[in-house]
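Before any comments, here is the structure.
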Amino acid sequence: MRPPTEISVFLLSLLAPGVLYTMNNIPALQEPLVILGMGAVILGSVLLLLFLTVRHKAKVDPLFYVFAEFSFTCLVGLTNALEQDGFISGFMGFYIKMGEPHLTTAYALMMSYWEGIVHFILFLVIIHRMFSGKSYRSLGLLWAGSSIAHQIVHIPGVVIGKYGSNIRPAFWRNIPFFLAPFWAASLLFSRPREMQIITADKIAAEQKKSLLFRPIDLLLSLLLLGSMAFSVFRGFVVLDCSLDTCFTYIYQYEPYLKDPVGFPRVMMLVYLFYALPLLTVFIYGLKTPGCSWMLDWTIFFAGAMAQTQWCHIGASLHSRTPFTYRVPADKRLPVIALNALLAAAPALLALRCHTNPAYFMKPVPAGQSNSKKKEN
């Protein structure tokens, strides 16, 4: 009897620390170009093993290979985080020295923990649902948002930060991991959404209510407006705005924003130029009935904000961040609270959209059962 596919992927991923340990103890495998080549060979071998694992299946979703391959790299990231924080040793020394030195930064460690725990669990659940014939579209969009946000901060942050002058060949293995989530997201967005049918009467009743008579939506709109203001403010801060308020904030509240590693600066600019427009259209979606795209994009955005804020909050407090750039002890409560709210607002919005989606749906013929399923 064959083990469930998610168990096979889990066991295959556990090989990652062993591969790292072997390479860390063979000097011939520790040259920069050799590391890049070995990375390609290992990932190719993993892909072959995955193909052999599911070859007996009649039809395999192409996204399975993306999720399963990323599962393997998640364990690589978790191994790095555990070693840099002193829990294990003897796995990553060669790669830090000759591969990607920036992986010792506090931001990279928080990123590795997120990948190794949150993404890894997501992948196993998605693969389980995939081969059980259940929908995994929402979970996939949550991962896609998280992964894309991770890469659009990670890659530019390395290039423009203090590690930009020490980029080794192994760094370029991030390119396929940058492109794959965009491809996966395009597939997921194009697939039909499965949800319960809601009667036309209920949809009409919900959509007649103005924002003032929907207190939860009104509160969410205010939270999104606050998130927009905070994103604009911190964008100005990292752009060296000369206002006294900006100067006070960066030196007395979040000095991490001027850490030369580059990641916090890139993140604030991503918020300013990408998150801000999305927050704007979400407020529009809460005010305008029938915006069915809210059901997908709120999940995608919630994943992105959760990942980036986890990394930002963790890195600004982590001991690997130089003391002068950490959040001052007497300012931790307001800074952490503001950053936590910035992550919570999109998550609460996504939860609201999916627990009561009637306001965002197009009317359906009256008389249909609420218990039936419909592809929307």
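Heads up, the Cβ atoms here are built off N, Cα and C, so glycines get one too.
TrEMBL has this to say about the protein:
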| type | residues | note |
| --- | --- | --- |
| TRANSMEM | 32-51 | transmembrane segment |
| DOMAIN | 60-185 | domain 'EXPERA' |
| TRANSMEM | 63-82 | transmembrane segment |
| TRANSMEM | 102-127 | transmembrane segment |
| TRANSMEM | 139-159 | transmembrane segment |
| TRANSMEM | 171-190 | transmembrane segment |
| TRANSMEM | 211-233 | transmembrane segment |
| DOMAIN | 216-350 | domain 'EXPERA' |
| TRANSMEM | 266-286 | transmembrane segment |
| TRANSMEM | 293-315 | transmembrane segment |
| TRANSMEM | 335-353 | transmembrane segment |
Other parts of the chain folded back onto the transmembrane segment (293-315), taken as Cβ under 8 Å at six or more residues beyond its ends: 105-107, 109-111, 113-114, 118, 138, 141-150, 153, 185, 189, 193, 195, 256, 263-264, 267, 270-271, 275, 278, 281-282, 285-286, 321, 336, 339-340, 342-343, 345-347, 349-350, 353-354, 357, 360
Interface-richest range of 102-127, 171-190, 335-353 toward the transmembrane segment (211-233), CB pairs under 8 Å: 335-353
Residue counts (helix, strand, coil, in that order) that DSSP gives for the domain 'EXPERA' (216-350): 110 helix, 0 strand, 25 coil
The transmembrane segment (139-159) in contact with the transmembrane segment (266-286), cutoff 8 A, at least 3 CB pairs, sep 6+: yes
Criterion met for the transmembrane segment (32-51) and the transmembrane segment (335-353) (at least three Cβ pairs under 8 Å): no
Chain residues in Cβ proximity to the transmembrane segment (63-82) (below 8 Å; excluding those fewer than six residues from its ends, i.e. six or more beyond): 5, 9-10, 12-17, 20, 43, 46-47, 50-51, 54, 88, 91-92, 95-96, 103, 108-109, 111-113, 115-117, 119-120, 123-124, 126-127, 130, 140, 143, 147, 177, 180, 183-184, 187-188
Cβ-Cβ under 8 Å with the transmembrane segment (171-190): same-chain residues at least 6 beyond its ends: 36, 39-40, 43, 62-63, 66, 70, 73, 99-100, 137, 140-141, 143-145, 147-148, 151-152, 154-155, 158, 296, 300
